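Here's the structure we're looking at; comments come further down.
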Amino acid sequence: MPRIAPTSSEDADEKQDKVRPLGAIPAASRMSFSAGKALRKASLQPGAAPTLSVDTPAVRRSSLGLSTSMIYPQSPAERHESVKVTRAMEERYGFNFLTNEFSTNASLEKEYQAYCTEINLNPACNSSILLWLLWIVTSLIELPKLIGGDAAERSISLTSLLFSLPVLVATPFLVIIVRNKKYQDRMQLIFCILVHFCAFSLLGSGLVCASQFTLHIAQRDIGGIESLAANISAVATSFCGYVASAYPASFVGNVTGQVFVSTPNALVVYNSVALNSSQSFGLNNYSSFWSYPDRTGTLQMTLDYYVTDVVLPIAQLNANLVRPLIILLIAPLFKLDTYYFIATALTTNLCYFIFLSLVFPVTSDQYLIRNKFYLVFVLAGLSSIMAIRVRQTDRFMRLNFLHIRSVEEKVRIAQEQKEQIQNENRSLKRMLEAQTGHGSDALDLDSPMAKVITDLTKIQQSPNLDAGLQQHLNEIVTLLTKQGHNLFAPDIHEQLKMKREVDLDADTKGWATTVLASKSYQRNNNRRSSTQSDEESIQPVMTLRPEVRLPDEAILSKVNDMMKAGGWNVDIHAVSELSNGKPISYVTYVIFERHNMFSFCSVEKHTMINFFWFIDAGYLPNPYHNNCHAADVVNYVEFMISTVDNGFFLTLLNIQEVFAAIVAAAIHDFRHPGKSNNFLVKSQHSLAVRYSDSSVLERMHLAESFFLASERDFNIFSGMKPKQYTEVRKAIIEMVLTTDLSVHLQLVGSLKAALLSQNRNDVMDSPMMLMKIIIKCADVGHSSKSTQLHARWSELIIEEFFLQGDEEKELGMEISPFMNRSLENSAKNQLGFFEFIILPFFDVVAEIVFTPGFKPILDQVHINYNLWKKAETMQLKSIKDILDQVFYVDEHATNSMSRISFMPKQPPTPSSPTSNAIS
């Protein structure tokens, strides 16, 4: 299968700079499967310590995956993170302070505009059409006035329709134009023009037409009032003239028809006298009540001026302030970016301020002056707030875009690397075929089931396929991938779950379950395993065996710190040295305490210590298959479950299954003789006879371990109910049997089948499949460790191979491949191991199970593989030369003199209740 070549971070950055610019990112592909899965499993907050039962709230995220705290920070920490990310983007991409444009990268700005057009075009067009329909409805209201009103009203209504004409006519044409791909790169400009048309129509119809109509109504009503006053019989003109000639007096008339005559001796008020409408008088700033420009004229002229030029303009300007605010509110509906929104806001403000300066009356009244300032301040202030908000939203969109772009860039680079590797593989195959003269001998690692599913998938993709046949094919593919290896066995358990009591009696169900049904692991419905009742439980062990010692608290603390700091790369040999040769006992104790298994799984501490102490002691002092390897696998399993992807597996497995996985890891090579299954079968060893040549070592590991656990002092399963123990035992058996390399390709094939059929959920919903994947990754996990640790373990396994080859030579047997010390070719040995076992398995696991949290492990696998390829290119065959000239020269710059021996010390073997199976 295609593989992703490893690169360092510097190489990745260099290659990223050389990759061609991205085009518009398809909306349908913004989120990968793994990202969607991570969101669905977001019950664990990123960065929080994973537990087995705590549900933490999900982080607020946008539809594109970036935290919404970037735009809506609600705490000091979020504000700090928002500023930090924004500044980093500013330094790298050069955000324009005002408009947010990528000022230092024109191609990136063009790419963003294309992306923005793709996601915003339809919403903006929909808003345009909706506003256009609303404008038509409001314009229809003017038609009755245009037909049935007086001349002034018809003129005002016609003016209003003329103001609406740009919106009514231009909107459909502009929408048609912007939907044309030729003009989509000008979407912002086109919609900005449309918003300006709306502003012109809305402000014009409000500030001009509405003001004219209000003035017309006021003039009509004032004229009616003055006509009524002119009909009063008493006339004040002659009287006022007489009074003025007889006495030095002044007078003024008010609108109620009263006359105030002031003489040196008295103030005389004549109430029943009406003023003459033709009488002129003057008003100026010296009058205490008049704060407007000087005015001379008749009463009618003065009142007309006061109403039309003072009162109505002030009222209209206050009332029509809502119109520019409406424009600012609807502008974001057209998806204008910061630059065009600011342009729209400036235009709107400018038009309103010009009209305000022309229409607002000149006055010295402080209240009216403050009112004029408030109009300016409110509009300018709200415009600034809206502009800042739009700028902030636009910046958030750009951050999201950069986030998506970086993910797509990595995918593109990975795809290019995969294509490059595929081309190299094809080229190498052609060269090999040309040299050997035949190409049909190459190993095909695809299982028949994978080929069947591939062919069915190709048929499913046929465009002319009947819908009914398509459905049948989907069901066939689902059945093939769901059943796994048991394709020829009926799903008894699934059927019995669906049967009602009236369908099958209890005896028939029990017989079918115990006799016919599969013996594989079936999950207990309880999320937490419960203990037995006091009547059923076995009396717990409260004492240690004489050979056993309690773990030292100080050493436990150091081991815990090492496990946390090292993760899957913990140096287990250092743990073994620290724990006096008991790494399994200390690592398992730390894990049991960490996940509270003593309580949840009802395991008594002294029993647990007894069991794992004897498991530690029962491992033989082989170079590779020893208690250090077992402890390393235990740590790897726990790391995969609780740490990778923020404890993603803790949401899929229950505590009973986690317990089974830890125990299986600890015993999976118990009492391993340092020889392969093939050696035992060829030499007709008693173990091969006992276990019928099938997974000989794995079945021996299980038998010896469960034989040890059958004694009261070592029974770590004593706190479980019989049904729970049965299921845990099944799970442990299946996991340990999975470590047999002869069934490795079956596991890879089942994963490939699920990947080809796109039925990933079948794997994610199968606890047993997940446990098999975890322990398999851990068992061959040294291939994913840091270069120095991988070199250590490689030296150990190669030495163990040579020891087997030495014994095969002494027994006169055919020496197994790569185990002949005199014909060493360690580089070719390890390359074959990587190409046939490691890379196909880790690659398919990364694609079908894990999200990006698995990437560091996968990357390290490819780094180690490349080093072995380098060793082969250098034609190095000896493991000593390879370690000196490839692994240690490249990464640690040390020589063979500073390299220590990694052969394990032989710990003393205490008396054990287990049988000596290897003797």
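For all residues, glycine too, the Cβ spot is worked out from N, Cα and C.
Taken from TrEMBL, the feature region 'Disordered' applies to 1-21 (among others).
Annotation comment: TrEMBL describes 129-147 (among others) as transmembrane segment. Sequence-distant contacts of the transmembrane segment (129-147) (same chain, six or more residues past either end, CB-CB distance under 8 Å): 153-154, 156-158, 160-161, 164, 167-168, 171-172, 175, 198, 201, 330, 333.
Look at TrEMBL and you will find 159-178 (among others) tagged as transmembrane segment. Non-local neighbours of the transmembrane segment (159-178) in the same chain are 121, 124-125, 128-129, 131-132, 135-136, 138-139, 142, 146, 184, 186-187, 190-191, 193-194, 197-198, 200-201, 204-205, 208-209, 212; each lies 6+ residues outside the stretch with a CB under 8 Å from one of its CB atoms.
Annotation comment: TrEMBL describes 190-213 (among others) as transmembrane segment.
Feature annotation from TrEMBL assigns transmembrane segment to 338-360 (among others).
Here TrEMBL flags 372-390 (among others) as transmembrane segment. Beyond the ends of the transmembrane segment (372-390), by six or more residues, the same chain brings 317-318, 321, 324-325, 328-329, 331-332, 336-338, 341-342, 345, 348-349, 352-353, 356, 360 to within a C-beta distance below 8 angstroms of the stretch.
Note on the coiled coil (404-438): its mean pLDDT in the predicted model is 70. According to TrEMBL, the coiled coil annotation covers 404-438.
Sequence annotations record features per position, and here TrEMBL assigns domain 'PDEase' to 548-875.
DSSP gives His625 (AMP binding site) a coil state; it is part of no helix or strand. Its Cβ placed at the centre, His625 (AMP binding site) has 24 other Cβ atoms within 10 Å. Annotation source TrEMBL lists AMP binding site at His625, Asn626, Asn627, Cys628, His629, Asp669, Asp779, Gln830.
Per TrEMBL, the feature Zn(2+) 1 binding site maps to His629, His668, Asp669, Asp779. For His668 (Zn(2+) 1 binding site), the Cβ neighbour count at a 10 Å cut-off comes to 28, with all displayed protein chains included.
Residues annotated as region 'Disordered' in TrEMBL: 899-919 (among others).
Neighbour density for Asp779 (AMP binding site): within 10 A of its CB lie 24 other CB atoms from the protein chains shown.
Other than His629, His668, Asp669, Asp779, the residues of this chain whose Cβ falls within 8 Å of the Cβ centroid of the Zn(2+) 1 site are, in sequence order, His625, Ala630, Val633, Ala665, His672, Thr739. Its Cβ taken as reference, Asp669 (AMP binding site) is surrounded by 25 other Cβ atoms within 10 Å in the chains shown. Separating the Cα atoms of His625 (AMP binding site) and His668 (Zn(2+) 1 binding site) is a whole-number distance of 10 Å.
Residues 98-101, 188-189, 191-192, 195-196, 199, 203, 207, 211, 313-314, 316-317, 321, 324, 327-328, 331-332, 372, 375-376, 379-380, 383, 386-387, 390-391, 394 of the same chain sit 6 or more residues outside the transmembrane segment (338-360) yet have a Cβ under 8 Å from a Cβ within it. Considering only the binding-site residues Asn626, Cys628, Gln830, no residue lies within 10 A of His668 (Zn(2+) 1 binding site) on a C-alpha to C-alpha basis. Sequence-distant neighbours of His629 (AMP binding site): residues of the same chain at least 6 apart with a C-beta under 8 Å from its C-beta are Ile572, Asp669, Trp793. A simple Cβ count within 10 Å picks out one of the binding-site residues Asn626, Asn627, Cys628, Gln830 as the most packed, and that one is Asn627.
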